[in-house]
Amino acid sequence: MKTPIELKILDSRIGSQFPLPAYATPGSAGMDLRAMIETTMVIQPGETQLIPTGIAVHVADPSLAAVILPRSGMGHKHGIVLGNLVGLIDSDYQGPLMVSCWNRSNEPFTLEIGDRLAQLVFVPVVQAEFKLVDEFDTSDRGEGGFGHSGTQ
């Protein structure tokens with residue numbers, strides 16, 4: 001069963017020149033987001049640019065959130081990653097979706113109008129409530145972290 005999420009088109013090219021975000025296959029977890037820029041853009045090495053996607057979403061359900069994640073080929077082949085690593089879209093946010101793109105390569109990267117640059121994934125959210133304690137119950141792991149379990 002699919003959960004309905006409100007989507008607002010902010011750029012008229014979405015739905016006419018470029019498709020609405022959609023799952024590419026029945027097993028896809030994410031929907032591609034496109035660079036809805038006005039002209040070709042070059043992202044220089046080390047530079048970060050904020051790219052509009054041409055859409056806004058309103059998740060509305062506090063048990064869900066959306067995350068903007070990189071497309072694997074962009075980082076691996078071109079050195080283009082998200083400037084904030086992961087973009088979190090809270091259920092009550094209604095503004096435009098923007099993608100922060102960082103060129104971590106040594107070469108300029110050309111972004112064309114409508115290029116697919118990231119993906120949108122919806123995830124479940126559990127809102128926790130803290131319970132103050134003086135000590136934790138003992139666990140097998142304890143305070144071990146940052147390499148505590150080894151590499152083998």
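For all residues, glycine too, the Cβ spot is worked out from N, Cα and C.
Taken verbatim from Swiss-Prot:
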- Arg71, Ser72, Gly73, Asn84, Leu88, Ile89, Asp90, Met98: substrate binding site (BINDING)
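Counting every protein chain shown, 21 other Cβ atoms lie within 10 Å of the Cβ of Ile89 (substrate binding site). Look at Ser72 (substrate binding site): DSSP puts it in a helix. Shown in sequence order, the list is empty: the chain has no residue 6+ apart in sequence with a C-beta less than 8 angstroms from the C-beta of Ser72 (substrate binding site). Comparing Cβ neighbour counts within 10 Å across the binding-site residues Leu88, Met98, the minimum falls on Leu88.
Applying an 8 A CB threshold to same-chain residues 6+ apart, the list for Asn84 (substrate binding site) reads Ser100. Comparing the binding-site residues Arg71, Gly73, Asp90 by how many other C-beta atoms lie within 10 angstroms of each C-beta, the top residue is Arg71.
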